[in-house]
Every structure is written in structure tokens, then in C-alpha cells.
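Chemist: What follows is a structure written as C-alpha cells; I'll ask about it next.
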Amino acid sequence: LRTPRHGLALILQLCNFSIYTQQMNLSIAITAMVNSTVAPSQPNVSTEMPLTHPQDHWNSSLKESKVPAYDWSPEIQGIILSSLNYGSFVAPIPTGYVAGIFGAKSVVGTGLLASSVLTLFIPLAADAGVALLIVLRVIQGIAQVMVSTGQYSIWVKWAPPLERSQLTSMAGSGSMLGTFIVLLTGGLICQNIGWPYVFYIFGGIGCACCLLWFPLVYNDPGNHPFISAGEKRYIACSLAQQDCSPGWTLPLKAMILSLPLWAIVVSYFCEYWLFYTIMSYTPTYISSVLQTNLRDSGILSALPFVVGCVCIILSGLLADFLLSRRVLRLVTIRKLFTAIGVVFSSGVLVALHWVRSSHGTTMVFLALSSAFSSLCEAGVLVNFLDIAPRYAGFLKGLMQIFAHIAGAISPTVAGVLINQDPEVGWRNMFLLAAAVNISGLVFYLIFGQAEVQDWARERRFTHL
């Protein structure tokens, strides 16, 4: 690690890794947790898996593992899986605002610790009943929002403008890495030692991350005991050009009328529509197309996400290189990376329907989609830091609300399409996701900007 700010990016990468393993662990474990299915003749086959011979071997392994299994209907399973987003609608803006004013260290650390401890109690909650499990998941979702939203307030103080894409992308890559690891190992853990250990292991990792977070992270360079005078001076000078001190008041009317801000908000919704669709249905799509059991489906599903993890870091490095060498203007970089990410990822997803007979081509296309989508991390998804750095925490909370709305709607719509006609439903699901994504891109290309907005430069009273 070259500097404390790069060390901070690594610790945040671990935090994001932990949070995303806790978000995804139930998706991979729930197939082992239920003992009922849509097909009456196969009572032990998961509703999310096809009725194939490899799955029969998986079910026999579950029977021998002597772990609890529950008679949850597909509707109950859907509610349990989506309950993580129920409380997320109200949490992001207060979290971002509080983190911006009182410091992100305590907000992020508290959220990570709460989510990790609650993960450890999921097996007990499942035994106690569905209602308690749903309540636990709702609270856990709020805690996870504290991590995903609050961390951006730290970069306002720590990230020089020329390194902003690199540092946020490095930290954000932990989300893809966490998804990759939990998909890769979740099925193996369930089969070999039982599904409760999926929650014990990844909850324990989260608690371990807290042991790094609280003693090693500081809200700003001025409080860091080991930072060099040169680095502290470099960060201070690079940030002095922007008015990035957290605002106690919010220019709400100006925000509502700001088209560049709405361009980012709309793009966030559209990007996360595609993201949550892929997160929810990649294992199911692979199992349906490649006819694999849960363990193999998890391993194959993990491959696109590790490609995305690498590409997120590379896209951040490339964006900062182009900006520091003045090859392109900042607004051009943001729009170019977003356009490439949206157009190409949407294109290869739509093409999946016509290459489904080739297993190798299907996996390559899924990996390409993940790779191209990751370019948006150095594009529109970090753009709010450019236009209003002093309100970064609040705006990230606002973006998270629209991301969670997309996360609540898109998997449900996809499920309806697939249930109507499994073969055509997959095609329609990808077409709809691509159409939504490209619509958001067009709006962003027209109205997006990268300069600090006038309303973000001066203090105003909160008013409508």
C-alpha cells in the first residue's frame, strides 16, 4: 500500500466484500433451506432449480446433512429474499446526511457490525418462524445501507479529484468480489457442512472486518496519526479547489430543479434495474440453460462477477489516467465510460437468447456483460461526487433509494415474465432490462454534467 488513502480503499473493499456476501448468502442457501417445490412429484427440489439428474444427487446430499428444512412456498421465499430492501427505502438519505455531518467512521462501522451480528442469528430466526426472519432481514438491510451510503462521505475528505475514480472503484470492487466468493463457496458449504454455516462463516468475516475498521480508519487526513506531512498537504491542496465541506443545510429546491442531478438519479435507477435482475437470476438462468445442480451453478455464476471485480478496478485506473493526462475532459470520461458500459452490456444480454444452445458462448457473454457494466462505476455511478462533493453523503443516499426501488421491482417483473412462458420469458426479461438501461443512458447523455453545480458551492437554508 502506497499511502493511507490506498489503505482506506483496501479496508473499504473488505467492508463491501463482507456486506455483499451477507446480501447474497441467503440467495444461495435458501435452496438448501426449503424442502418443498412447485412440482409435487419432487418435494425436495428447490423452486429455483430445474428438475435434472444432478439436482437429485444434490437433494440426497441435503437429506444426509441433518440440517433444518422448511416448508416455505415460493411466495414466502420471494418475500424473504426481497425483505432486505423493505427498510432500505427510508434509510439512505438520513444515513448519508448524518455521515456527512458527524463523520462516516461511526456510521459505517456500526452498520457493518450490526449486519454481521444479525447474519449470525439468521439460522435461529429461521427456526423461530418466517415473521422473525423477515423482521431481522429488514433491520439488516437498513444496517447495510449505512455501510453502502456512509462510505462516500469519507472520500469527500480523502480522495483527491484526480484519484477519485481509482479509489472509489477499488473500494467498490469488493462488492463484485463478495458476490463471486459467496456464489463460489456457498453451494459447497451447504453440501458439506450444512446451510447454517454459510451465515456463520460470512457473519464472522464481517465481525473480523470491524476489528480493522474501528482502529485503522479516520474521518479525515488531519486526524490520521501515521499520514505523512506531504500526503496530508497534497490531499488538502487538491481538495481546496472544491467547496467540499459538508453542508448543514440542503438547497432542496435547487436540487429538485437540477437536470444534471436528475440525469444521475435516472441512470442509477436504470443501471440497478439491470444489476438486480442479473444478481437475482444469474444462478437460475445458468442452471436452466446448462442443466447444472446448485453447487455447479453457483461456481459458474461466480465467474462473471470476478471478471466484473477486476474490470471495476481497471476502469477506475483508466479513467484517472485519461483525466490526469488531460486526454479527455471529465464530463467526456463519465459519459464515454457510461455509454460503453450500458450499450455493450445490454447488447450481449439480449444476444443470450440466441446463443443459449452453446454453454461456452453463454458463459462468455455473461462475463462480457459484467465486464462492460463495471465501466459505469467510473462513469455515472461516481458522477455525483463531481457535481456536489459537499453533499456526497446525502446524494449517495438519494441514489440508493432509487437503486432499492429498482431492486424491489425488477426481480418481481422478471419472475412474472419467466412464469408466463419460461423460454420467451428469459428473452423478454433481458430485452426489458436492456431497454430500461439504454433509456437511462440517453437521458444521462443529454443532461449529464461533471462541473460542481452552483447550488453545491454556497450555503442555503433548507426550503422548498
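Glycine residues also receive a Cβ, built from the backbone N, Cα and C atoms like all the rest.
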Chemist: Choose the correct range: of 29-51, 75-97, 167-189, which one does TrEMBL annotate as transmembrane segment? Give that range.
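Modeler: Transmembrane segment, as annotated by TrEMBL, spans 167-189.
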Chemist: If you average the pLDDT over the domain 'Major facilitator superfamily (MFS) profile' (11-452), what number do you get?
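Modeler: Its mean pLDDT is 83.
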Chemist: Flag the pair the transmembrane segment (397-418) / the transmembrane segment (259-279) as in contact if three or more Cβ pairs fall under 8 Å (sequence separation 6 or more).
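Modeler: These two stretches do touch.
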Chemist: Excluding the flanking five residues on each side, which residues at least 6 beyond the ends of the transmembrane segment (107-126) place their CB within less than 8 Å of a CB in that stretch?
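Modeler: For the transmembrane segment (107-126), the list is 15, 18-19, 22, 25-26, 33, 68, 70, 95, 98-99, 132-133, 135-137, 139-140, 143-147, 150-151, 153-154, 195-196, 199-200, 202-207, 209-210, 213-214, 217.
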Chemist: Which residues of the chain, 6 or more past the ends of the transmembrane segment (259-279), have a CB below 8 A from one of its CBs?
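Modeler: That would be 24, 27, 179, 338, 342, 345-346, 349, 369-370, 373, 376, 380-381, 383-384, 387-388, 395, 398-399, 402-403, 405-407, 409-411, 414, 429, 433-434, 436-437, 439-441, 443-444, 446-449, 453.
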Chemist: Six or more residues out from either end of the transmembrane segment (336-355), which same-chain residues have a Cβ under 8 Å from its Cβ atoms?
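Modeler: Hits for the transmembrane segment (336-355): 267, 271, 274, 278, 285, 315, 319, 328, 361-362, 365-366, 368-370, 372-376, 378-380, 426-427, 430-431, 433-434, 437-438, 440-441, 444-445, 448.
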Chemist: Near the transmembrane segment (195-218), which same-chain residues lie under 8 Å Cβ to Cβ, leaving out any that are not at least 6 residues past its ends?
Modeler: 7-8, 11, 14-15, 17-19, 21-22, 25, 28-29, 32-33, 67-68, 105, 108-109, 112-113, 115-120, 122-123, 154, 182, 186, 189, 224
Chemist: State the residues, same chain only, that lie 6 or more residues beyond the ends of the transmembrane segment (361-385) and have a CB under 8 A from a CB inside it; answer 'none' if no residue qualifies.
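Modeler: Sequence-distant neighbours of the transmembrane segment (361-385): 152, 155-156, 159, 164-165, 168-169, 172, 176, 261, 263-264, 267-268, 271, 274-275, 278, 282, 286, 289-290, 300, 303-305, 307-309, 311-312, 315-316, 318-319, 333-342, 344-345, 348-349, 351-352, 355, 392, 395-396, 399, 444, 448, 450.
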